[in-house]
């Protein structure tokens, strides 16, 4: 029996709907004349716009074939109306060619390389073939090809600048090609003035017979007009174009036929039906048609005239202005109302790229003033009813919500909760106005969409500008409330950097269920409690919440049952069950402490299994004299929670505030989840607001009123300080002042006086803090960290202190004094800006003036800084936006280049780091938790040191079978466990077994560590580039622009803050304060350090010479130099008369022979051979030059300072270590100086380090320098972000700055570069070179409206859920 074959097709015979097409890539090109004509629908030549009946002229600029000219018209090409017709092109034929100003530099570069008669390349044949072979290499990147083409142009232009180049094909003499001067318009000149001998006459004769002679500037320099250049370009071979990296024929770079853009991008606006207002582009095109018509008329005449050239130049300028209205060469024709060109529409902040494509205005948004509301949850935002009635959400009708939506429809748009519109499945819609609402509601069917008012629980996005980091826009749930402001919990102020002094915020309503889901998952407040900058918590309690917590948890706060129960009820919504803890005092009455309130807040009842264990040192922590037990702190500053019970401590900012990884909310988040932390924040906000409202807390003038004792103490301190200052001033005037290292007398005096005056303020501040009552409101706020510091209090109560301008005392702005109220040359504290009064006692007129000087500096600094940091952040974002982590753990950019094999060397997520300095876990705290939750039991075994190590290795193998943990993490964990072994082996613990480690504790500890480490791995698709850029850019706004004193060296000011960050990321070659930190081979001996300093520091002859004088007698004339041996010995300099002689002979400016200099015992005699008549002049000139000759050290080094090494970890047997700080450059020479340890010597100049030590050393320098700057400003940024930035700057083998030239070399796409800076240059360059943009990066995807390939967009492959159809070809063959 024959088996019937069954065939099932893998593909369907046809597909009805393929879905919308996506743009895969963009190919940039230059259109030829034929392509322009093919693309156009109509030829434009008519100068008129409308006829007398206001109908557009045919073949005019408003021809209806190019699209409807206004809203009432119809397109005659596609029959579309104003909304539907995309527009159609026209074309304008020019009678004479003109330069395309966008490609002007390309045209110039081509002309530099070709013969001006036969179009042959001027390059040597061997060089030509070599460069062409490189250019044809398929593996060569477009960036390298551009560089190669530039090298060819540079070679040809260099040859032309040195000599006349003779063409090897036709023998024509080619000179330099350059742009003509701006006053002559737009053109190119050919300069052949370097022709020599008999060639000149021949050349002049040849030029006199050419047409170009009329435009000649001089006989050997003539203008290459576009017609001539067009002919040259047409004769060029394709090989030559390939060598110059021009993808299309070069004649296309010259305009002979122009595209006229469609009317949709240059609409005509009718005003009152009697006149029209035309677009700038239409006005420009009208001028071009007018000029072309004049040119046509002139050319049609039998004889040519100079007028021909003038009209041609006019057309050239008009075409150039049409493309770019800011083009050079048009200054001689100023315009009353400047019209913008095509390029002006694209470039800048208001251009198409940045204003309409990269970002755009959106609907369904609201904006109003913000207010605080502690009764709202941190995940909620209070929205005014008025706003909720305007903003809508399209809800689809289903059987679950039909009745609710019917009621909304009945209510209509003006009654809340209502609806504004109903959309039906057939595409029609009805607006809910009038009396038809009831009928529409009754007819409402499943499948309809109702645009209903915003309701409680709807998902909204909340944003405050400036949006400096990811947490500046987060997702909240709507809570509809009366009044007119947006409200939210104050705990969420930090991420938005919001305050309530009139700030406004924006709100966006996502319009699809997918968008809502994505928003609540990725952008929800509870999922963004920590900042990815360094893993610190950002959403935390602030101000009043901290004050009330501090007061509630005082040792002397007690509550009876009624009061305690009432306070506990403040926390929740009255729905939570609360288990009252055992009272602290039972007799004579049951009393509970304030600390127990926080135990209830953390764990209201037994069903909530939250067990928090933590130790925190608060601001007012003071170590006891014996230092045995921290919990016995006299100020109750040691906060200790054990299993969610507060044992000791007054809670303040360190425990409840932001910026602490060991705070209460951080631990709730890490040990449990974000919900546990959010719930505790909500409870504390409600409790604090209600408690402080009833308890009362205010600040008044009597809080800053000093007592009699304090006033006397302050007066004595100030008088004592003034006396010290006057003594120092007298010492300075007598010349007896002891100088400080590296400083002269005046600077030493300033340093001394500043130190004394700072001591006055500190002394008065201490007296003030100790003299205030503990109930003093400013003191309470300072201690708990809610607002202010001891300095603020001491300025209000005791003494304002020294006012500084640019880090110095008040300068002498008047004649030899700061103000006319003081004597001349006065250095006294009062004359130089010291304010002895407090804000309470009031400032005198002069003190007030000095105080405003200091205040002005702060204001100016802030204003300048805002623009500087904003631009810095934008550059960082553009450079790093494409970087993401892939599934193979590598960090790559949009084009697939690997920047890091593992993100941050360990693949950890910075937002989840628990330890200091980016460590994944805090082992001490974790072990404390394990000890609390897993106490020793009778069946547990205590481990000795050896058993501990052995058990650890076993547990590690058991829990980390897949080897997820890195070697560095395992090493740090092993070190911690070994330290536990040392502790448990000490005698007291062995005796009592109180701090011993049991087997169960170790097992649980290792398990938790491995599990948590695994959880902290960064997810594939994370946009780490964007996060890194924001993490570096956002702290920049908090920095100052001032310079700081270098670490430990008062005399050495180095650039810090925003200017220093800019220097680093710009990869500046010449930084403002280059410093080399040089380690010594013998760091313990100061004499040795001074000797090495003498070898490095630049020393001039004038510094070590006792005298330099001219000796003239009747028989001889010479210059005698006497060296000062005392100075040479004190400075440990190795300078001798012989070494001075060699230095003089090596100086290029002084032309002396060996015989002219005679060495004496203590100096030299210089007798130059000169003409007697000029001897006097020459010797005095030599005398003036000699003091500046460098006789010792490195010439690029300005100064060397010997300083104490402040790093205590490097000290040997407690002895002081010395090092050198070298102010200047030439790292290589410093490293090679005898006595310097070159292996540990570093520089802060990134480019110099790169040249001296290589690219890896430069990468390390970038990381270290950014870390140092941030550290000096008290900011911590995860090192992984800095490593990523350093890798981006160095991954191509050279240090690339994060600015326009550096980003250009970073293999970025055309659209990205065009959206950054120099829009026109990048687009024209891409077109000339025929570049292809593959739409891979973030900017390109946003511009094209395509999902970007990061985050969820990284997924490319999906698992098939259906089985593939099987192909049945009958039974298997029987093989015999």
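A Cβ is built for glycine as well, from the same backbone N, Cα and C atoms used for every other residue.
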Exercise. Tell me which range among 832-844, 845-857, 858-870 Swiss-Prot lists as region 'Bridging helix'.
Key: 845-857
Quiz prompt | Site-mate of 115, 118 for Zn(2+) 2 in Swiss-Prot, selected among 75, 170, 241 | solution = 170
Exercise. With residue 85 (Zn(2+) 1 binding site) as the reference Cα, tell me which of the binding-site residues 170, 501, 503 is the closest one.
Key: 503
Quiz item: Just counting, how many other CB atoms are there within 10 A of the CB of residue 115 (Zn(2+) 2 binding site)?
Solution: 22
Practice problem: Give the distance between the Cα atoms of residue 499 (Mg(2+) binding site) and residue 88 (Zn(2+) 1 binding site), rounded to the nearest whole Å. | Solution: 52
Self-check item: Among 85, 118, 170, the most crowded of the binding-site residues [Cβ within 10 Å]
Solution: 85
Practice problem: Provide, as an integer number of angstrom, the distance between the C-alpha atoms of residue 88 (Zn(2+) 1 binding site) and residue 170 (Zn(2+) 2 binding site). | Solution: 47
Quiz item: Could you give the mean pLDDT over the region 'Bridging helix' (845-857), rounded to a whole number?
Solution: 88
Self-check item: Cα separation, residue 75 (Zn(2+) 1 binding site) to residue 503 (Mg(2+) binding site) (Å, whole number)
Solution: 49
Self-check item: 8 Å Cβ shell about 115, 118, 170 centroid, Zn(2+) 2 site members excluded
Solution: 116, 117, 119, 120, 167, 169, 171, 172
Self-check item: For the binding-site residues 75, 78, the one whose C-beta sees the most other C-beta atoms within 10 angstroms
Solution: 75
Practice problem: Mind tallying the region 'Bridging helix' (845-857) by DSSP state, helix then strand then coil? | Solution: 13 helix, 0 strand, 0 coil
Quiz item: If you take the centroid of the Cβ atoms of 75, 78, 85, 88, the listed Zn(2+) 1 site, which other residues of that chain have their Cβ within 8 Å of it?
Solution: 65, 66, 67, 68, 76, 77, 79, 80, 86, 87, 262
Self-check item: Rounded to the nearest Å - Cα separation of residue 78 (Zn(2+) 1 binding site) and residue 115 (Zn(2+) 2 binding site)
Solution: 49
Quiz item: Across all protein chains in the structure, which of the binding-site residues 499, 501, 503 has the highest Cβ count within 10 Å?
Solution: 503
